[in-house]
């Protein structure tokens, strides 16, 4: 990937991710933000926007995607119940709890604690025998939770401060629950990949032809891969679309949206209160406390509700473009920098503060543990010799995704908290395409 293009995608990733985090905190913060009391309902609108955008994107940029939920003129309940529903419910819980937590915890604490999902990945990985127990991994989990405890620790004798601290602790548990669901979702995806090996017809055909999709050209000064037209044409004849996380988003978003909407109706009971909240009302008293609902305030409210959906969509495009061509270690390093920048911008823009030595120590411990985890994973990857997968050259060094032939084996994909969801959406789309091919062959 050209360096300028790579930096552009990284900037887009940083901007969308950091802006989205700050936006969500501002939207739900009851003290210094809009204080919207219906975070689960608001998240439902995000999913509706994602579904529409992903549908438009697939229509404009990709070949028609076969509906894996249709099987022999009927509904493919097996794929829906086994793959889509568990992933969608876990994702809805992850995102929903994250947004609810913004009512109680600052962005700085949220960002650092969210990194603890690595600990849940390791824990569940060992329980389900995806991970081989190693004392270094166990120590990493323990250190991670020690860091989380220090992040929320705030000694004080003031009653009001104790009440605030209780809310922060409650919000921190919500973030931990969100991280737990994130870890469970990752482990479940890996179990599905292990039990459903991905073998594409296109890959097999190219292999049988003893040809590569890309060839070397001695006259190519930049030593860039050149498309092997014969085998590329072979791929086109199959008429299959390339796996892409946007395909999965289009399938998951409606299920997540319905799950979140039902949860909101049962727990938040948002109607009719949402219409009198600050998101649909404007201050009309020139500095006073009077507000009213106008056409302008309604338009503003709708824009505020759908804007995060656009941010998540662009975020996914940038993440996937980086993952296609960038080694896992590089992605992890770039992701760690993004987390640090999120904390810094939270301090600058939202005027948040890490109060006291213990909070700073907790943040440093967690970030150091995340760095060590990624280094440990990198060393493991070198030993296990993961194969790369790339849309341009699958003979290059390790990239963010595994080769098709590795999926479903006893090896598992490297986990990165920064691009966790995009990785799993990509993997789930490969499972979907594999299931679709299998059902057509029956």
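Each residue, glycine too, has its Cβ placed from N, Cα and C.
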Membrane_side_equal(residue 25, residue 429) from Swiss-Prot: no
In Swiss-Prot, one of 225-245, 330-350, 393-413 is tagged transmembrane segment. Which stretch would that be? 330-350
Please find, within the list 192-212, 255-275, the residue stretch that Swiss-Prot describes as transmembrane segment. 255-275
Position flagged as N-linked glycosylation site [Swiss-Prot], chosen from 76, 99: 99
What stretch, picked from 33-53, 77-97, 167-187, 255-275, 356-376, has the most CB pairs under 8 A with the transmembrane segment (108-128)? 167-187
Counting only residues 6+ away in sequence within the same chain, which have a CB under 8 Å from the CB of residue 99 (N-linked glycosylation site)? 24, 28, 39, 40, 42, 43
Helix, strand and coil residue totals from DSSP for the topological domain 'Extracellular' (351-355) stand at 0 helix, 0 strand, 5 coil
Any contact between the transmembrane segment (356-376) and the transmembrane segment (133-153), i.e. 3 or more CB pairs below 8 Å with pairs at least 6 residues apart? yes
Applying the under-8 angstroms CB criterion, which one of 4-24, 77-97, 167-187, 255-275, 330-350 scores highest with the transmembrane segment (33-53)? 255-275
Could you tell me what the rest of the chain brings near the transmembrane segment (255-275), counting residues at least six beyond its ends with Cβ under 8 Å? 37-38, 40-41, 43-44, 47-48, 51, 84-85, 88-89, 91-92, 95-96, 293
At an 8 Å Cβ cut-off, counting only pairs 6 or more apart in sequence, do the transmembrane segment (330-350) and the transmembrane segment (4-24) clear the bar of 3 or more pairs? yes
